[in-house]
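Step one of this worksheet: look at the structure below.
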Amino acid sequence: MTGGVPSLGFACQPDAAEALERWGRWLEHERGASTHTLRSYRADLAGFLAFVAEHRGRPPGLNDLGALDLGAFRAWLAARAADGAGAATRSRGVSGVRSFFRWADRSGLLHNPAIALLTAPKAQRPLPRPLAADDAALLLEEAAAVPEAPWIGLRDRALFTLLYGCGLRISEAIGLNRSDLPAGAASVRVLGKGGKQRDVPVLPAVREAVAAYLAAVPWGGGRAAPLFVGAKGDRLSPDVARRQMRHLRALLGLPDSTTPHALRHSFATHLLGGGADLRAIQDLLGHASLSTTQRYTDVDAEHLLSVYETAHPRARRQGHQTVRSVCDALPPRLRNQESER
């Protein structure tokens with residue numbers, strides 16, 4: 001499979017291996033699947049085929065896969081559960097296997113009606129774990145305290161301020177190029193999951209943090225250059241960003257749940273607590289389904305009741321605009337009406 005995803009060996013016959021590679025290319029190029037999804041699906045299919053090979057006594061081909069009954073699929077799930085795989089992991093495995101079988105059916109390679117009868121385990125998704133408002137503000141203020149090189153500290157502050165001020169995923173933030181967030185820009189264009197683009201308003205606090213970082217970074221570059229870079233000038237790795245966050249939370253005594261993604265959760269939770277419309281938050285986060293965004297309404301009331309009056313902790317810092325300005329920048333159809341509050 002292309003796209004930088006490492007190849008995994010499949011315990012199967014050549015015809016099935018070729019089909020799996022074609023399916024992987026289809027996922028990547030036609031469906032716009034992320035590297036994480038590609039890697040996970042390949043691992044799930046590799047485990048499934050290894051299970052089938054072990055229990056049939058030989059690596060399966062396409063004909064063997066087409067002949068599997070519902071009991072075989074259920075036995076695989078039972079084996080995964082016995083190995084300690086949780087409901088969420090098994091549910092994702094079913095999604096990956098089902099995706100391959102459906103693609104193979106549409107491609108005329110095999111037909112297996114049993115896969116349509118396989119139900120995925122119900123995974124109880126954990127509630128988002130946002131930071132308290134004061135902790136989020138403290139983290140952004142102290143974000144430059146960890147690195148030895150001043151420009152790296154400014155980079156971390158700019159990155160974490162962007163995550164919190166715009167609600168981006170870490171992959172979206174480090175995927176930005178300089179042209180995506182030009183100086184003084186009122187919004188940033190983000191390429192989200194499935195290759196979907198969205199425009200997110202940018203607060204002055206975010207613009208100021210990014211400008212300070214760009215003024216200090218020793219690596220140049222044109223509009224196509226990555227916005228966030230590592231110590232050698234290459235595009236910043238998400239693992240480096242997570243490591244910097246671990247160091248920072250240890251320094252500040254913040255809980256282990258303080259991660260780059262927690263800043264995205266905090267963005268949504270604090271906006272909701274300030275009265276932002278749920279559909280506006282859905283658009284800002286790039287959620288395909290409103291039900292995903294609705295999880296934030298179930299977050300512990302302690303988080304919502306402790307939110308300040310105007311919607312965002314950055315509003316308490318002199319010279320910084322509140323996140324209500326993000327809502328004001330949205331189309332009228334996305335804003336709460338007074339009669340609805």
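Glycine residues also receive a Cβ, built from the backbone N, Cα and C atoms like all the rest.
In three-state terms derived from DSSP, Arg169 (active site) belongs to neither a helical nor a strand segment and is classed as coil. Per Swiss-Prot, the feature active site maps to Arg169 (among others); the stated evidence is sequence analysis.
There are 16 other CB atoms within 10 A of the CB of Lys193 (active site), with all protein chains counted. Summarising the annotation, Swiss-Prot assigns active site to Lys193 (among others) and lists sequence analysis as the type of evidence.
Among the features that Swiss-Prot reports, active site is placed at His261 (among others). In sequence order, Arg169, Ile170 are the residues near His261 (active site), counting only same-chain partners six or more apart with C-beta under 8 A.
Feature annotation from Swiss-Prot assigns active site to Arg264 (among others); the stated evidence is sequence analysis. Under the three-state DSSP scheme, Arg264 (active site) falls in the helix class. Counting every protein chain shown, the Cβ of Arg264 (active site) has 22 other Cβ atoms within 10 Å.
The active site annotation in Swiss-Prot covers His287 (among others). Annotation note: His287 (active site) sits in a coil segment as assigned by DSSP.
Among the features that Swiss-Prot reports, active site, O-(3'-phospho-DNA)-tyrosine intermediate is placed at Tyr296, with the record citing sequence analysis. Taking a C-beta cut-off of under 8 Å and a sequence gap of six or more, Tyr296 (active site, O-(3'-phospho-DNA)-tyrosine intermediate) has these contacts in its own chain: Pro128, His265, Ala268, Thr269, Leu272, Leu278, Ile281.
According to Swiss-Prot, the feature domain 'Core-binding (CB)' maps to 14-105, an assignment based on sequence analysis.
Annotated domain 'Tyr recombinase' per Swiss-Prot: 126-309, in sequence order, evidence recorded as sequence analysis.
Mean pLDDT, taken over the domain 'Tyr recombinase' (126-309), works out to 84 on the 0 to 100 scale.
His287 (active site) sits 9 Å from Lys193 (active site), taking the Cα positions as reference. Arg264 (active site) and Lys193 (active site) are 15 Å apart (CA-CA, integer value). Taking DSSP states H, G and I as helix and E and B as strand, the domain 'Core-binding (CB)' (14-105) has 76 helix, 0 strand, 16 coil.
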